[in-house]
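S.K.: Below you'll find the structure I mean.
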Amino acid sequence: MAGLRALAGGLGRRRPGTRLLATDTLRVRQQFEPPPPEALQWFPGHMRDGWHQMEAKLRAVDAVIEVHDARVPLSGRNARIAQALAARPRPADQADAGLRGVARALAALIAGQERAARADAREFNCMVVGVPNVGKSSLINALRSVHLRRAAATPVGTRAGVTRSVLTRIKVSARPLIYVRDTPGVLEPRLEGAEAGLRLALCAAMQDHLVGPRLLADYLLYWMNRRANHAYVPYMARPDVREAALHMVRGFRSGAFGQLLLDDDVLEDRAPPPAG
Ligand SMILES: Nc1nc2c(ncn2[C@@H]2O[C@H](COP(=O)(O)OP(=O)(O)O)[C@@H](O)[C@H]2O)c(=O)[nH]1
Ligand SMILES: [Mg+2]
């Protein structure tokens, strides 16, 4: 419970002496104090360059595959990408389409494509875009492995910022002949609101050191509490409580609480009756 109270009160917000709260009377924050905007601004040089490279290549591609993280389907939308693609036909969203679904959608799109300008072109060129760390490179590698049974051609990473420039074309299918360009993830230079930024940061769309684990955990805690989702309690509280318990026992053994007579009550019962 001590762990729960510390968590429910928000990291670093616990006041000493506050009463333990039972889960059913848990009072949680109704608002999250936003971090300073600069904590969530991330548009480093490689993104700026990547964006210009992408814009330049956009005109030369037959299709754009926009990859989204299902945990942030809205916070992960990049208005700049949407604007740049506004003039192009957009196929319906392929939510949860799976790899074969994506490949099918791509093939259908390609089959129906007006290619008046380059009707003689033999191959199709696509570009994969999306915010950082959303699975763009993984998708390309998976398409390549499903269609060509070839090894990975573009590096995948758990951190944002692994793909740093618009890479050369990667072949992902032979019939029809399809090439895909990987791109660096781009975040908007100015994010829409702190919560969108924190949600993206939780999904590792920014490098963790920028926002910091404390703010990330605090926001996640706020988010879960607001939804009465306490799944973090067994996950978090158990090791915390054990650690706290060990600390307390060690403190007792080392005399940190003074000389405590554990048997004081038993001794009192046995005390001889007062004389007289
Ligand atoms: N859970 C889950 N993780 C994925 C998926 N696709 C990629 N990942 C992981 O997300 C991380 C980033 O993938 P990557 O392809 O490098 O993303 P990119 O930055 O958009 O190119 C890696 O740790 C991948 O293993 C997916 O569909 N589901
Ligand atoms: Mg990548």
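Placement of Cβ uses the backbone N, Cα and C atoms for every residue, glycine included.
Annotations for this protein, taken from TrEMBL, read as follows:
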- Asn133, Val134, Gly135, Lys136, Ser137, Ser138, Gly185: GTP binding site (BINDING)
- 126-200: domain 'G' (DOMAIN)
S.K.: Tell me the coarse DSSP state (helix, strand, coil) of Gly135 (GTP binding site).
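M.R.: The three-state answer is coil.
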S.K.: Record lists Asn133, Val134, Gly135, Lys136, Ser137, Ser138, Gly185 as binding GTP; longest Cα-Cα distance in Å?
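M.R.: Binding-site diameter by Cα atoms for GTP: 13 Å.
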